[in-house]
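Enquirer: Below is a structure I'd like to ask you about.
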Amino acid sequence: MVVIISSSSSSSAMQNAFAIRSILFVLVFGLSSAQLSSNFYSSSCPNLLSTIKTAVNSAVSNEARMGASLLRLHFHDCFVNGCDASVLLDDTANFTGEQNAGPNANSLRGMDVIDTIKSQVEKACPATVSCADILAVAARDSVVALGGPSWSVVLGRRDSTSASSSAANNNLPAPTLNLNGLISAFSNKGFTAKEMVALSGSHTIGQARCTSFRTRLYNEANINASFATSLKANCPNSGGDNNISPLDTLTPTSFDNNYFKNLLSQKGLLHSDQQLFSGGSTNSQVNAYSSNSASFFNDFASAMVKMGNLSPLTGTNGQIRLNCGKTN
């Protein structure tokens, strides 16, 4: 592409400079996602969506927590070099993958469910459907299975041929982040503060390890005293790092807006959770979602569509892995 800049005036030069930045933004963030389509597999793998939905419903029925695990898997994939299933790659001699990076070590779950789905899909439609697309659909179906909103998942992503432990460490938001850090981490991926709050609402389901919230329990003041006491037995000052507690104590296996209600009463489990309602700029949004679940559901679904469009590999980029844990 050639862009010609006129030298006729500084004003037109400035306009052209802005146009160039806009074009670059589209090229980096928007062009590949435009190749995704909701009916990408309609002829090549017509039963794909029903196959994934049945498998996810079965897995969530067997263990409700799995819904949160599959949603988290998609999030941890997309925030590290885009939605390319890099999170599923095992370490090799050529690269250290993402599964043992700090945010994922001892906590990443659901790969077995994805492998089961991939095996079923390969039998029906060999070498056709990417692991990245399976992750995206499984995340949506997990939310629906637990009573949350649905959204249309566009498809056509391809799988990466590498993964990066350092990229996972650098891009995934830590549970110790303050509000400004959270806003910045999500802004780096193109999300507004409002979208960050909506996506944080995914903590209405799932569990967290003691090591993720111990410091909050024993050292922070903006935590409900009885709530903290109830957690300390399962999360002692030392030891028990892998003991788990629900992120939403009210309805830990239902996708609803109780996460935000918990924040109002200082019952956010993670430091990063309570930061959303701690006197800062996102207080009003937490208040709004706590009293209007329909608004939360709508905004969450829209933000999930946006997240699923983060830097996908399309066309001839990447590959369709035959086994999600290794490259072809």
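Note that Cβ sites are derived from N, Cα and C of the backbone, with glycine treated the same way.
Pulled from TrEMBL, these are the listed features:
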BINDING   Asp77, Val80, Gly82, Asp84, Ser86, Glu98  Ca(2+) 1 binding site
BINDING   Pro173  substrate binding site
BINDING   His203  heme b binding site
DISULFID  Cys45-Cys125  disulfide bond
DISULFID  Cys78-Cys83  disulfide bond
DISULFID  Cys131-Cys324  disulfide bond
DISULFID  Cys210-Cys235  disulfide bond
DOMAIN    35-328  domain 'Plant heme peroxidase family profile'
Enquirer: To the nearest whole angstrom, what is the C-alpha distance linking Cys125 (disulfide bond) and His203 (heme b binding site)?
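Expert: Just about 34 Å between their Cα atoms.
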Enquirer: Cβ within 8 Å of the Ca(2+) 1 site centroid (Asp77, Val80, Gly82, Asp84, Ser86, Glu98 excluded): which residues?
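Expert: The answer, listed by sequence position, is His76, Cys78, Phe79, Asn81, Cys83, Ala85, Val87, Ser160, Ala163, Ala167, Ala168.
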Enquirer: Using only C-alpha positions, which one of Val80, Gly82, Asp84, Glu98, Pro173 is spatially nearest Cys210 (disulfide bond)? These are the binding-site residues in the record.
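Expert: Closest by Cα: Pro173.
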Enquirer: Which whole-number value in Å describes the distance between the Cα atoms of Val80 (Ca(2+) 1 binding site) and Cys131 (disulfide bond)?
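Expert: About 15 Å separate the Cα atoms of these two residues.
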Enquirer: Please determine which of the disulfide-bonded residues listed here (Cys125, Cys131) has the lowest count of neighbouring CB atoms within 10 Å.
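Expert: Across Cys125, Cys131, these disulfide-bonded residues, the one with fewest Cβ atoms within 10 Å is Cys125.
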Enquirer: Take the C-alpha atoms of Cys235 (disulfide bond) and Cys83 (disulfide bond) and report the distance between them in angstrom, rounded.
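Expert: Roughly 34 Å, rounded to the nearest whole number.
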Enquirer: Could you check which of the recorded positions (Cys78, Cys83, Glu98, Cys324) sits closest to the residue listed as 'heme b binding site', going Cα to Cα?
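Expert: Answer for the nearest of the recorded positions: Cys78.
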Enquirer: Expressed to the nearest Å, what is the distance separating Asp77 (Ca(2+) 1 binding site) and Cys45 (disulfide bond) at their Cα atoms?
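Expert: It is 23 Å, counting Cα to Cα.
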Enquirer: Please report the number of other Cβ atoms within 10 Å of the Cβ of Cys210 (disulfide bond).
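Expert: Around Cys210 (disulfide bond), other Cβ atoms within 10 Å: 19.
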Enquirer: Sequence gap of 6 or more, Cβ distance under 8 Å: name the residues on the same chain that satisfy this around Asp84 (Ca(2+) 1 binding site), in order along the sequence.
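Expert: Spatial neighbours, sequence-distant, of Asp84 (Ca(2+) 1 binding site): Asp77, Ala132, Arg157, Arg158, Asp159, Ser160, Ser311, Pro312, Leu313, Gly318.
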Enquirer: Drop a 10 Å sphere on every Cβ of the recorded positions Cys45, Val80, Cys83, Cys235, Cys324 and tell me which sphere holds the fewest other Cβ atoms.
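Expert: Among the recorded positions Cys45, Val80, Cys83, Cys235, Cys324, the sparsest Cβ neighbourhood within 10 Å belongs to Cys45.
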Enquirer: Can you tell me the CA-to-CA distance separating Gly82 (Ca(2+) 1 binding site) and Cys324 (disulfide bond), as a whole number of Å?
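Expert: Pair distance, Cα basis, whole Å: 16 Å.
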Enquirer: Tell me the Cα distance separating Cys45 (disulfide bond) from Cys83 (disulfide bond), rounded to the nearest angstrom.
Expert: 20
Enquirer: At the Cα level, what's the spacing in Å between Pro173 (substrate binding site) and Cys45 (disulfide bond), rounded?
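Expert: That separation, Cα to Cα, works out to 35 Å.
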Enquirer: For Cys324 (disulfide bond), which of the listed recorded positions (Cys45, Cys78, Ser86, Glu98) have their CA atom within 10 A of its CA?
Expert: Ser86
